[in-house]
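Noted in TrEMBL for the protein shown:
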type     : residues : note
TRANSMEM : 31-48    : transmembrane segment
TRANSMEM : 60-78    : transmembrane segment
TRANSMEM : 84-102   : transmembrane segment
TRANSMEM : 109-127  : transmembrane segment
TRANSMEM : 155-180  : transmembrane segment
TRANSMEM : 192-214  : transmembrane segment
DOMAIN   : 264-362  : domain 'DUF418'
TRANSMEM : 265-282  : transmembrane segment
TRANSMEM : 289-313  : transmembrane segment
TRANSMEM : 325-344  : transmembrane segment
Amino acid sequence: MARGLAVLGMFAAHTVPPGWLYTLVSGRSSALFAVLAGVSIALLSGGTEPHTGRRRTLSAVRIAVRAVVLFVLGLVLTSMQVPAMVILTFYGVLFVLAIPLLPLRATWLAVLAAVLAVVTPLVSFLIRSDIPIPNRLGYTPDLADFTSIEGVAEAFRAIVLTGAYPVLTWIPFLLAGMALGRLGPLGRKEPLVALGIGLALLGYGVSWLALYVFGGLERIVGLYRGKFPPRVVEELLASNLGTVPTEDPVYLLTAGAHSGTPFEIIGATGVALTVIGLCLFAERSRTTLFPLAAVGALALTCYVGHLLVLRAFGPGGLARLIGGHSYGLWLVLAVGALLCAALWRRFLGRGPLEWALHRLSALTGRVIVRGNPTSAENSTSE
């Protein structure tokens, strides 16, 4: 169900106008999806007992295949000029980065996530401050980038450092999810919700104090004096395109959506854990919430599908009839996804993209592992 909420949240982030719903879901829905991706990777690679030997190799291959498919699919969607910043390419790279970490247990993954949540935003800020890097705000690579050396270099910069979802500052979300998946049955709902609320208060609360009590916002407003009034500056800080400006370290005190600051990462992780915990409380209502769970089970299909719908109809079609970016447009997409996913899940099982991804990764894993003598030898010692 949490994955279903993440998908519907991303629908909203791509369709609704600025307002309470956009503020609620922007950045947080994609962060929730990244945390849940980490949970899936942990479960795929052994859960509480990380796989070893041949089974670890098989898990690594399956994750790598999924990474490649997501990476290419993201490039294709971006090349089609869908009206959204496509996250799949970045997710693909995150999956690859997770492979060397498969042997780690929950404690180490949690510690690593906590450290990187603080360190990687600082590293990103320093690199972007000291090295002249073309920073195309909100950039997501497409297939054309891989037709030249310059394009590949630009794609690499965007994926790692300057793009819409730079993996340098998104890896903590994945690691937090992997740590959660390594903890075992996600039945400890109360501690999970408490931890999530605590992290959310820490991230967003400390940022608010730094900005509104200790003068951080006043300093940022001063940087825009003569360009924008204070109210506009606050609106600019509320939503970013993957990174914060490097003119002044004070920007690292903000926690706006897609800012990639320590406070945003900690706060968004807390929201993700809270949502996951609350969804566990709702397990008893699984029948009633089946459509939402179905959207989560068909997350990739629904995500790609809504982008294709928006691309196909465009501003002259469905969006125009319902009023462009509007709550009505989101409602049509959300209800459509809930109905279609529920029917597909009930009568056909796995979604089409999920089925293809599962079959391809499972088949590739079996072929590679069978042909790897070292893996076969390791499997006998498990």
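For all residues, glycine too, the Cβ spot is worked out from N, Cα and C.
Using a Cβ-Cβ cut-off under 8 Å and counting only residues 6 or more beyond its ends in the same chain, the transmembrane segment (155-180) has close neighbours at 30-31, 34-42, 85, 87, 89-91, 93-94, 97-98, 101, 104, 106-107, 109-110, 112-114, 116-117, 120-121, 123-124, 127-128, 133-136, 138-141, 145-146, 186, 192, 241-243, 258, 260, 265, 268-269, 272-273, 276. A Cβ distance under 8 Å defines the sequence-distant neighbours of the transmembrane segment (109-127), meaning residues of its chain 6+ beyond its ends; these are 42, 101, 133, 161, 166, 168-169, 171-173, 175-176, 178-179, 182, 243-244, 246, 249, 251-252, 260-262, 265-266, 269. Of the ranges 60-78, 192-214, 265-282, the one with the most Cβ pairs under 8 Å to the transmembrane segment (84-102) is 60-78. Within the chain carrying the transmembrane segment (192-214), a Cβ under 8 angstroms from the stretch's Cβ atoms is held by residues 180, 186, 220, 253-255, 261-278, 280-281, all 6 or more beyond its ends. DSSP states for the domain 'DUF418' (264-362), grouped as helix (H, G, I), strand (E, B) and coil, give 82 helix, 0 strand, 17 coil.
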